[in-house]
Amino acid sequence: GGTHRVEPLKTCLYLLSRMLYGTLHLNISAISLLYFYVFLMFSFPQWEEVSIMDEKNIPIRTYQVCNVMEPNQNNWLRTDWIPRGGAQRVYIEIKFTLRDCNSLPGVMGTCKETFNLYYYESNNDKERYIRENQFGKIDTIAADESFTQVDIGDRIMKLNTEVRDVGALTRKGFYLAFQDVGACIALVSVRVFYKKCPLAVRNLAQFPDTITGADTSSLVEVRGSCVDNSEEKEVPKMYCGADGEWLVPIGNCLCNPGYEERNAECQAPSPVTSIQAKDITRHTISLAWQPPDRANGVILEYEVKYYEKDQNERSYRIIKTSSRNADIKGLTPLTSYVFHVRARTAAGYGEFSGPFEFMTNSGEFCYTVSSCCFAPRRSKYSKAKQDSDEEKHLHQGVRIYVDPFTYEDPNQAVREFAKEIDASCIKIEKVIGIGEFGEVCSGRLKMPGKREICVAIKTLKAGYTDKQRRDFLSEASIMGQFDHPNIIHLEGVVTKCKPVMIITEYMENGSLDAFLRKNDGRFTVIQLVGILRGIASGMKYLSDMSYVHRDLAARNILVNSNLVCKVSDFGMSRVLEDDPEAAYTTRGGKIPIRWTAPEAIAYRKFTSASDVWSYGIVMWEVMSYGERPYWDMSNQDVIKAIDEGYRLPPPMDCPVALHQLMLDCWQRERADRPKFGQIVNMLDKLIRNPNTLKRTGGETTVRPNTTLLEPGSPEASSAVGTVEDWLQAIGMERYSDNFTAAGYTTPEAVVHMTQEDMTRIGISSAAHQNKILTSVQGMLSQMQQMQGRMVPV
């Protein structure tokens with residue numbers, strides 16, 4: 001009863017990990033031990049410390065109690081004080097054995113097969129007397145397996161493992177207690193731990209180890225700090241989930257000018273280390289140099305800075321060149337000049353090389369001079385007047401996608417954009433798929449001086465034609481131009497021996513559509529929005545580079561072990577000719593009808609806007625956990641339905657705001673569709689305001705049937721409780737003040753609005769007027785159905 005006091009004896013037992021049954025394995029990246037051992041002590045003689053041999057004859061120390069013959073047992077075992085540190089919720093893992101009561105004679109009614117787990121919070125680490133009624137109960141613990149006399153004879157140890165959690169803890173520490181009520185138990189080990197989200201780098205922002213929140217559903221918002229040589233573009237944040245997993249990165253950092261993102265770091269091209277003068281005349285010095293040891297990207301050009309030695313850098317000139325040599329003209333005879341060279345990648349400029357000095361001659365003879373090195377200087381100086389062939393300003397170029405099919409020699413594109421890998425560095429392990437050009441395998445890549453990594457390997461089958469080889473390697477030429485966390489990364493190619501191979505990073509979870517179907521219903525809405533945000537971020541990067549994907553679909557998104565989604569499949573000929581989802585169009589060629597915008601189907605007009613349409617279909621696939629768009633409708637029926645204005649309905653439990661974004665992506669006029677940058681911003685806004693995701697538009701018990709939605713139908717409408725919510729759901733919240741100032745504060749008032757009213761309250765964009773009026777019509781239809789009468793307009 002509550003009058004007993006639970007106090008420890010002066011002796012205690014340390015249950016160290018080396019004394020436990022088996023070996024203690026911890027996932028340190030996700031779980032931190034609060035205590036590597038627990039002090040177990042007892043105050044009643046019923047609990048005894050006993051050393052036993054396990055089934056492998058390894059001694060283990062246990063606490064046992066087995067008073068099953070007498071009724072009304074109340075035997076307590078208590079731990080020492082456990083400091084909680086920063087943990088608000090802790091987990092208790094108990095390993096124990098328990099005797100089957102049916103195997104004991106004469107104990108019917110007195111033998112139990114459960115025990116109770118309690119805790120007591122305290123700021124005092126030396127409390128000796130704690131009453132039973134001061135403890136709070138965590139749970140009653142039952143065994144999954146109990147043992148019998150036969151198991152003892154056969155030396156079979158049926159070890160049970162149970163984990164319970166308790167929180168929110170508020171005091172400095174706590175005690176645990178175990179209450180026996182008449183069972184035959186042996187406690188083998190007790191491990192107390194808490195969960196944390198591990199140190200992580202996302203979008204060039206570092207997030208520290210973060211202890212999870214007090215509730216099992218809580219999300220802890222954490223602000224990240226930019227990695228070295230980068231700065232904030234948008235405040236980087238992530239949410240630490242209760243399971244110790246990071247969710248939904250928001251915001252990002254960008255590498256500073258002169259640095260490029262590589263392996264979650266911002267790295268600059270290393271300096272040019274050696275400059276040589278190949279030829280010298282009275283007025284010209286011809287220079288040549290080797291590329292930097294670490295280019296950290298494709299070198300787009302070099303910049304040569306030079307000045308007369310006597311001018312001491314007070315007046316310098318700059319010329320730029322795309323090759324590793326330059327003719328410096330217009331120099332003064334018999335004059336010493338100092339030269340510096342630096343490289344530029346898509347990220348910007350690296351550091352200048354050290355100074356190299358050369359002297360022009362008198363014109364009587366030509367010769368080559370060795371270079372002399374001086375300590376580099378770090379000062380700003382004005383430029384002298386420059387000749388017409390010299391650039392007067394530094395320009396940080398915007399990287400634009402280069403179509404490899406524009407190269408006269410396709411192999412040149414491969415050499416320029418893809419790194420050649422020695423075949424001896426690659427180990428193929430197993431075949432994981434069959435592609436158009438050959439097998440797709442998993443394997444390992446071990447480059448000199450680098451750690452071994454898992455990779456995916458595409459091979460070109462034997463007997464290929466020159467065209468097949470060119471088409472196969474074109475994907476590498478395309479992929480090699482991209483460097484983004486949501487774009488599949490090219491490691492390199494093997495072209496100097498057979499089989500010809502393309503090596504990319506390995507994505508453990510395969511294609512997104514299959515992954516979603518395998519994990520149907522397992523993710524939160526926030527996690528699904530995080531997946532959509534990653535895909536949109538990758539597509540924004542491609543769009544900014546003026547690259548049009550043409551075949552954006554969940555099957556062409558790959559998922560790694562951290563649930564990061566990456567856009568893949570850049571083989572253009574495969575997209576248009578051999579996709580199993582493709583169908584012939586009247587204008588020739590094959591395209592994936594269900595994912596393709598109407599203008600691309602009819603006129604083969606592929607743009608970033610047509611990619612946005614495809615992205616809307618990907619959104620639908622994600623929210624429906626990989627269902628086939630338009631179900632079993634034929635391709636011709638899909639084309640006809642889209643042309644008549646029908647659109648896919650919201651998937652089951654899909655938030656209204658997300659379905660509205662899908663509908664925006666499926667606007668007939670491509671100019672009315674959002675840009676990928678706007679989509680990323682919309683998703684970020686939804687993630688920051690998760691309450692906007694609570695209202696759903698899909699059915700809650702069954703999958704949607706094959707009934708498509710007409711524009712303005714009640715289900716397609718985004719009408720919500722308030723005018724402000726409604727405007728936010730359709731992405732028109734910018735006009736909230738306009739509606740309020742004009743007195744349109746209720747849905748009943750809004751349904752009376754006309755196009756003239758829109759103009760009168762300050763909405764001048766025709767596209768925005770049409771979007772709002774379309775939603776107003778849907779709201780009106782919904783009201784008519786709900787109220788059973790017509791609403792006058």
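FYI, residue positions are counted from 1 along the chain as it appears here.
Every residue gets a Cβ built from N, Cα and C, even glycine.
Note that the structure is a prediction, hence the values are computed from the model and not measured.
Going by TrEMBL, these are the annotated features:
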BINDING   LYS458  ATP binding site
DOMAIN    268-363  domain 'Fibronectin type-III'
DOMAIN    426-687  domain 'Protein kinase'
DOMAIN    718-782  domain 'SAM'
TRANSMEM  24-44  transmembrane segment
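In sequence order, GLY435, PHE437, GLY438, GLU439, VAL440, PHE472, GLU475, MET501, ILE502, THR504 are the residues near LYS458 (ATP binding site), counting only same-chain partners six or more apart with C-beta under 8 A. Sorting each residue of the domain 'Fibronectin type-III' (268-363) by its DSSP state yields 3 helix, 46 strand, 47 coil. Mean pLDDT, taken over the domain 'Fibronectin type-III' (268-363), works out to 83 on the 0 to 100 scale.
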